[in-house]
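According to Swiss-Prot, the protein carries these features:
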ACT_SITE  88  active site, proton donor
BINDING   24, 56, 57, 58, 80, 81, 82, 113  5-amino-6-(D-ribitylamino)uracil binding site
BINDING   85, 86, 127  (2S)-2-hydroxy-3-oxobutyl phosphate binding site
């Protein structure tokens, strides 16, 4: 029996990436964006285009449009949704995750879900730079998926 394993590498040679980032909660999203750009720079990505949208809810439509353009090997969606006193948090978090997943499935281009849903700003700060930077981690996933797709 032959078993073949395929895996994407963490290299940016020849890759073009798009980042869609929400401006809402920019104290946190700016840190996620910095982490992602740092990752792409360290791994030699040739081109990164950043698209800023008002909030996380607006991410999926832009991610889908960018994926359809054929210009990018992967799209990275970055945002922060902080729980408040209303159901708005649940609605936004659920719809954004569905929309980002659909954008990738419909277009066949990896669209990485980098929207963090947190209980409060402190949790957000812990994920966007104080303890670690999830933006860097999500960018690593984008690299891996873009390279894996090239093998298929």
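Numbers here mean position along the shown chain, with the first residue as 1.
For all residues, glycine too, the Cβ spot is worked out from N, Cα and C.
If you take the Cα of residue 24 (5-amino-6-(D-ribitylamino)uracil binding site) and the Cα of residue 88 (active site, proton donor), they are about 14 angstrom apart, rounded to a whole number. One residue stands out among the binding-site residues 56, 86 for having the most other Cβ atoms within 10 Å of its Cβ: 56. Just so you know, the Cβ of residue 127 ((2S)-2-hydroxy-3-oxobutyl phosphate binding site) picks up 21 other Cβ atoms within 10 Å once every protein chain is counted. Cβ neighbour counts within 10 Å, taken over all protein chains shown, single out 80 as the most crowded of the binding-site residues 80, 81, 82. Within 10 Å of the C-beta of residue 57 (5-amino-6-(D-ribitylamino)uracil binding site) we count 20 further C-beta atoms, all protein chains included. Distance noted between the C-alpha atoms of residue 88 (active site, proton donor) and residue 82 (5-amino-6-(D-ribitylamino)uracil binding site) is 10 Å.
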